[in-house]
Amino acid sequence: MMNKLIVGRFVPKDSFVHRMDARAKVLLSIAYIFIIFEVTNWLGYLIMGLFTIAVTSLTKVSLKTYIQGIKPLIWLITFTVFIQMFFAPSGHVLWNYWIFKVTDIGLLNAVYVLVRFILIIMMSTVLTLTTSPLAIADALEYLMKPLLKIKFPVYEVSLMLSIALRFVPTLMDETERIMNAQRARGVDFANGGIIKRVKALVPILIPLFTNAMKRAIELGDAMEARGYQIDKPRSRYRILVWHRRDTMACLVFGLLLIILIIIKHFI
Amino acid sequence: MGIKFESVSFTYQPQTPFAYQALENVSLEIPTNSYTALIGHTGSGKSTILQLLDGLLIPTEGLITVNDCRITPQTKQKTLATVRSQVGMVFQFPENQLFEQTVLADVMFGPLNFGKSKEAASRLAKEALRLVGLPDDLWQQSPFELSGGQMRRVAIAGVLALEPKILVLDEPTAGLDPKGRLEIMQMFAQLYQAKKLTVILVTHQMEDVLRYANNVIVMDTGKVVKTTTPLTLFADEKWLKQHQLATPKVIQFVQKMKQNGIELTALPTNVTELADLLMQKIKIEGDRQNDE
């Protein structure tokens, strides 16, 4: 079940995108979300779509993997699209029932939302497939550094973040193991109504939480045993280096934004 | 009857960049009422086999028969409950599956899931707890207040309370002290005798393989490389070395003696047997010297 989740998993490979600086990738992924909201017409979406597919092909990971990455989120997407479709504020009414009404503008918005969703998921998948979780945490630490001025605990937060990311696969494996153990004792996760299924979660969640606690305590002990102290300046093992390809990627994104703005205002 | 794998292959996460083939065209047979040890190095596919024969995984290719249940790649999740009701699985570190408020309730959990009444489940649970030797003043306590060894016993009782005909043990004594290890393995051996079970044991302890099992399957990188009896397996020193498997201490002892010119009449499976064989030998030698 959990193995199907592609978003959030790292595929080590050697590609242009893999070699990029994690900071550049995080920044550009955020920029991408802002850029996509600048797009308001079909030509713009076409360019965005082609651009995104070009980026995915630069990662040397097959397009099929990205499509699989969209699948688990299909319900979220459908829900949002339907909300857009049925609750459009204005436009020419095409269909009407009780409080639902479908208008031409609503329909168009729904399709826009759908495309936006898919593109954003694909781009976020590019980030997580090509960047190790620890590199993302490092990048976020670096990007949060200005917050040190307002006494925000940047180092602690980034340490928490890297630990959390580090333990995601461990917890997933553990969940799978506990699920198997309880299934072997006759718990049925596949059948039954919603109440029965929610009840079936208790025998998973309690062992999972107790084990996570135990692990956290052990980790804390191990860190203290090696002299970890909060509030002390830290040296780092992995050093992020900004290369020319990162600047280039930023320039390409800038160019994309300019093209899209031109399309929006002049076509 | 029994358990049969016919050209079974299994791939984790097929058709993704993370695809990993754990089993490749595995055919094996585990006879009913045998005590089969499944050995091999980490990553050789032992755990995958266990999960397949309990219907926790579905084969990518091939056919698995467990008594009269057939599992093929087309089998639906919903029909696997029948397989699971016949197979009792003791996972690695089974104490991680405890969750109920009292020890007794946790052991009753399995029987209740498989449709037993409350009375029947409670009777089965008490029986199982007695079997694993957990003192009854602990039965109403929270399982999380027990020691590691006691938690292990509760978890094993939770599986035994299902009264499985096939008992699957995945390194059941890992992390226990020698005394606890011996007690638990003896308990399984008695149960095997008394209830005519089919036991499948995954272990790295060659001593246990020699002592308790009567059938061995050796796995290597997703394939079965040998099916034999423990004594034949451990007699073949060269083959063991080739596959980097350890030789049990008693066998090592016999081999050392052989190097020094003393040969025993049979191979022992445990220390007591070794002692008996040695006594025999001494007696024979003594008689011969007396005759001279």
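A Cβ is built for glycine as well, from the same backbone N, Cα and C atoms used for every other residue.
Over in TrEMBL, the protein carries these features:
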- A:26-53: transmembrane segment (TRANSMEM)
- A:73-95: transmembrane segment (TRANSMEM)
- A:107-130: transmembrane segment (TRANSMEM)
- A:150-168: transmembrane segment (TRANSMEM)
- A:248-266: transmembrane segment (TRANSMEM)
Under 8 angstroms, Cβ to Cβ: which one of A:73-95, A:107-130, A:150-168 has the largest number of such pairs with the transmembrane segment (A:26-53)? A:107-130
Under 8 Å between C-beta atoms and at least six residues away from its ends: which parts of the chain pack against the transmembrane segment (A:73-95)? 7, 101-107, 109-110, 113-114, 117-118, 121
Within-chain partners of the transmembrane segment (A:150-168) [C-beta distance under 8 Å, separation at least 6 from its ends]: 8, 133-134, 136-138, 140-141, 144, 212, 215, 219, 230, 234
